[in-house]
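These notes concern the structure reproduced below.
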Amino acid sequence: MNSPTVYPVPSQISAHAHIDEQTYQRMYQASIDNPERFWGEQGKRIDWITPYSQTQVKKTSFDANNLSIQWFADGTLNASSNCLDRHLERNGDKIAILWEGDDAKEQRQLSYRELHTQVCQFANVLKAQGVVKGDIVTLYMPMVPEAAVAMLACARIGAVHSVIFGGFSPDSIASRVIDGKSKVIITADEGIRAGRTIPLKHNVDEALARPSVTCVNNVIVLKRTGANVDWQQGRDLDWDELMAGVSSDCPAEEMNAEDPLFLLYTSGSTGNPKGVLHTTGGYLVYAAMTHEYVFDYKENEVYWCTADVGWITGHSYMVYGPFANGATVLMHEGVPNYPTPARLGEIVDRHKVNILYTAPTLIRALMAEGKEHFNGFSGESLRIMGSVGEPINPEAWRWYHEVIGHEHCPIVDTWWQTETGGILISPLPGAIATKPGSATRPFFGVKPAIVDSTGQILEGAVEGNLVMLDSWPGQMRTVYGDHARFALTYFSTFKGMYFTGDGARRDEDGYYWITGRVDDVINVSGHRLGTAEVESALVAHEQVAEAAVVGYPHDIKGQGIYAYVTLVHDAEPSEALRQELRQWVRKEIGALATPDLIQWATGLPKTRSGKIMRRFLRKIAANEVTNLGDSSTLADPSVIDTLIASRLNQR
């Protein structure tokens, strides 16, 4: 493929940025040379009840037999008071949450003082239900301000929140509740998303009807739509009734830096849910610091992260990072392309959004609809734009840059994981020139390496497995209740290294390009080929909206290349177009990457967060369609039936 264009740092950004290129180089070197001193200084960005000692800043070992990750270990603090109380004196009247409903006519605002009051009240509600420090509280909520209230209320009293994305099934709820032995669930009657209601309370009822769920005493229900829902007297409690007249005085619990803050279950494709455990001190320092520097956040800016609170992005970059920094956060209940693709631009203009953080899935969906939907979009307020969730293909990057950013907003293409707590590799807007499709360089204190299959570190411009050689404060501490699984999953593949599970290549400028999950590598005739590269080539064709590529058993090559292709709305599928796309990929990458089979797909199997579930695609491509496994986490399970019916590899 043609070498990507480099987009220099805009001078109007670098002139006023927190971090310019020289500062980045100096700080990064200091963070690697002496992490204890570096993080000892950075830890001061949040408030501590008992300050940590310099000798306790970093106590970490990546040895799978002696695995331990501790940061600021003797310090004490409270995450809720860092997100709320410390802003009250100077910024109590500042807007903390700007909320827009699925229907744009519904708007709410909460100042930091109002948010603080509600959090303290709800913390007292939880205490009255017998919730104490260390208890796990499950949240299954719509995207409303009360979701943030409930999270911060848990943190205030030292309870550990476990947020389940509002699209997950009763089975998913049950397995997570059982694993965390949760006594209390917080939910709503219904959620609203893209004009449809989501039966949250009904799903909770179904989950709790399973004989295996015996730990839950109470379900607190917020009225979102006012729908009639089944009510179990004694167990089910009304949010508004509980909040009426309750005291707003609730001192924050003193927590050790290594006390758990939250659990977040990753929806692994197989096996039991994996409870990723994050603790209080290191996580909060890292979330606040990455939010400030990666987005070059300035006081009084409006910041919009389109992620749902049920994902790590919602935790780190809609709640904890922004609120620790005293930001004004836009929260949107629905999806930013409903009722029309113009919605994203309308929200940006209506609320004068300065920083936008969204996912490639949404960008590609908007791209497929056509840029004419943004003809009336001003975008004057936008300064920084971000991308999260998966590698963004260069074509979508350029579209985002031109149509949404009007070619003047730097794009921070951020790479990180639920397990990392915060962003690990990303441009800093005032410091690092960007290349479409590259996450560029590591954040401070982050020590990436590329290794071969034996764990040998590769230098220079190479491709291989992405690992981290040292810890950072936001790193997960364990898999809840299963430390052996933590060691096995992340530290046993490559000795003394954290294995991300992703492949990457590093170019001659030292920039990192994420090539996708290592299990998304196809071995064609002995040559390794990243699926992301083939997908990017396909999507670069003007008639392709989205593509997913997997390997399938091939009699001659070992693995062949099977592409699922969604066309833009006015394109017609044909055999001629199929051949054109094969030649297109051949020209873009080389003969080796030519897809063997191209299946037209009206939709792809995605989770509700927009991640493509490739295990289904791999099985369909391999003609293994009798036992596909659980599809309850898919946004639209019917997509699977359509793909099976039109599969190309039937024997």
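Each position is counted from 1, following the chain as shown.
Cβ atoms are placed via backbone N, Cα and C, with glycine included.
R193 (CoA binding site) carries a strand DSSP state (E or B). Over all protein chains present, the Cβ of R193 (CoA binding site) has 20 other Cβ atoms lying within 10 Å. According to Swiss-Prot, the CoA binding site annotation covers R193, A194, G195, R196, T313, N337, S525, R586.
Secondary structure at G389 (ATP binding site), taken from DSSP and collapsed to helix, strand or coil, is coil. According to Swiss-Prot, the ATP binding site annotation covers G389, E390, P391, D413, T414, W415, W416, Q417, T418, D502, R517, R528, on the basis of sequence analysis.
Packing around V539 (Mg(2+) binding site) is summarised by its Cβ count: 23 other Cβ atoms lie within 10 angstroms of its Cβ, all protein chains included. Under the heading Mg(2+) binding site, Swiss-Prot lists V539, H541, V544, citing sequence analysis as support.
According to Swiss-Prot, the N6-acetyllysine annotation covers K611, on the basis of sequence analysis. Within the same chain, the residues at least 6 positions away from K611 (N6-acetyllysine) whose Cβ sits under 8 Å from its Cβ are T361, G389, E390, listed in sequence order.
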Residues flanking the Mg(2+) site, with Cβ no more than 8 Å from the Cβ centroid of V539, H541, V544 and excluding those residues themselves: E395, A537, L538, A540, E542, Q543, A545, A547, V565, L581, W584
Between T418 (ATP binding site) and T313 (CoA binding site): CA-CA distance (Å): 8
Lowest local Cβ density (other Cβ within 10 Å) among binding-site residues: A194, V544: A194
Intrachain C-beta neighbours of R586 (CoA binding site), sequence separation six or more, cut-off 8 angstroms: A593, T594
Neighbour tally for T414 (ATP binding site), based on other Cβ positions within 10 Å of its Cβ: 25
Structural state of K611 (N6-acetyllysine), classified by DSSP into three states: coil
Inter-residue Cα distance where the pair is P391 (ATP binding site) and N337 (CoA binding site), in Å: 21
Spatial separation of A194 (CoA binding site) from V539 (Mg(2+) binding site) - C-alpha basis, Å: 26
In three-state DSSP terms, the structure that R517 (ATP binding site) belongs to: strand
